[in-house]
Each structure stands twice: as structure tokens, then as C-alpha cells.
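Undergrad: Have a look at this one before I ask anything.
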Amino acid sequence: MEIEDKILELLKKLKIIPNSKQIYIQALTHKSYNFINPDKPHYEMLEFLGDSVINYAVSKVIYDNFYKNEGNSTQIRSLLTSTSSLANATKKVGLMNYVLLGRGASEIRENNKLKADIFESFCAAILLDQGFEKLNEFLSEYLYKDVNFDTEKQYKDPKSIFQEKIQTFSTSNKIHYLHTKLADGTFRVDLIWEKKKYGIGYGRSIKEAEFAAATNALNIFAETEEK
């Protein structure tokens, strides 16, 4: 199937009638693809725009729905705009099935940072092609559809939740977060408790990566409890 046909298939699924197919192709083109197709623009400038517009859209929806609890506003925004949240949204949409990568770059297709970047660039494409209202519909469906803005508890710091959880069955509550700065400028954090690794997280800041590691550890605990 031709690239344009695949993009149209995706847009049809998302109920988007494009004014420009090219902006979506650009949004889904990794820079590695330029080595074999130098005339094809890649996603990075759209990602730059998408990062800002997602922050605005999320801030606006928080203001509209959660203004009575301003103390949690920053926490909610951090969670919704985190690398893991954006990567998860990319997975929901299935965007990585349409990303154009260069030869030898296929191994990065599962990279969460790339998934988040692609989601940002795709959002910018929707904004430029369809306008903010359509973008907000898209975000409502794929980024914050399951957010309950009336439930304050669900936005508690995952590090605090993990700390409280282990205190219920252990006197050893010293948790270590080991930080590693990666080559692309992002961070990896390993959550260590009782000399064992319980969670791994990635993020654009140490704080974000720590939250992701704690969330990962909580998910692992939940899976263990279900067995």
C-alpha cells in the first residue's frame, strides 16, 4: 500500500477529512527516513509545535474541569503530558504502524520517547490542518478520555502511593531512585527497594522518570496481587 493510502486509512479511522495529506506524512516521518529520501521533511518542527499546543490544551481542560482544586493542577498536567502518557496515547491510536523510518532504524519503533514525539507532531498536524477544536476532540478521545477530574485521589504522586503501599506490609521503607542520563538527553530511573529493582521509568526530566518508575513498580505489584 502506498504511503498516502496508508495515511488516508488512518485519518478515515480517526474521522479526519484532510485538507493536506502532506502535513500528516511529515508528522509521521522520522529524520532517519531523510537519508534515503532527502526531499521528505521530517517530524521534528511539528513536534516542537505539538509540545506547546498539547500543554496548552491540557492546561485549558484542567482549568475548565478542575479549577476548584488548583493545588493538583500542576500534578495532573505533568501526568497527562508525561512521556509515558503520550506514548500510551500513541499506542491507542496505533500511530507507530504508520511511522516512516530509515533502514536500520526499526529498533527505535518501540522507544517511548519517539512515541511521545510522534504523538506531539501528529497533534500539531491536526492543529494546522483542522484547527484547535478538532485537535481537542482528538485529545479528548485518546489522551484524557478516562480522566475523572472530580476524583482528587487519583492524582496523588505515584512515589507517595508506592511509599504508602510498602509501609502496609514492611518496616523497610527506604526507596532508592538511581538516575541515568541517556544519550538523547532524557533520563532513566531504576526504583530500588530492599536491594531489588522494582520499577524502571523514562522521562524528559528526573522527576518525570521517577514518577514513571514508581508507576511501573505499582503496576508490577498490582499484577502480582492478581495472581
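Backbone N, Cα and C define each Cβ position, glycine as well.
Just so you know, TrEMBL annotations never went through curation; they're auto-generated.
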Undergrad: ASP117, GLU120 bind Mg(2+) according to TrEMBL; which of GLU44, GLU47, GLU164, GLU194 goes with them?
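TA: Same Mg(2+) site in TrEMBL: GLU47.
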Undergrad: Counting Cβ atoms within 10 Å across all protein chains shown, which of the binding-site residues ASP117, GLU120 comes out on top?
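TA: The largest 10 Å Cβ neighbour count belongs to GLU120.
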Undergrad: Report the mean pLDDT of the predicted model across the domain 'RNase III' (7-131), rounded to a whole number.
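TA: Averaging the confidence scores along the domain 'RNase III' (7-131) gives 86.
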Undergrad: By DSSP assignment, list the helix, strand and coil residue numbers for the domain 'RNase III' (7-131), in that order.
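TA: The breakdown for the domain 'RNase III' (7-131) reads 94 helix, 2 strand, 29 coil.
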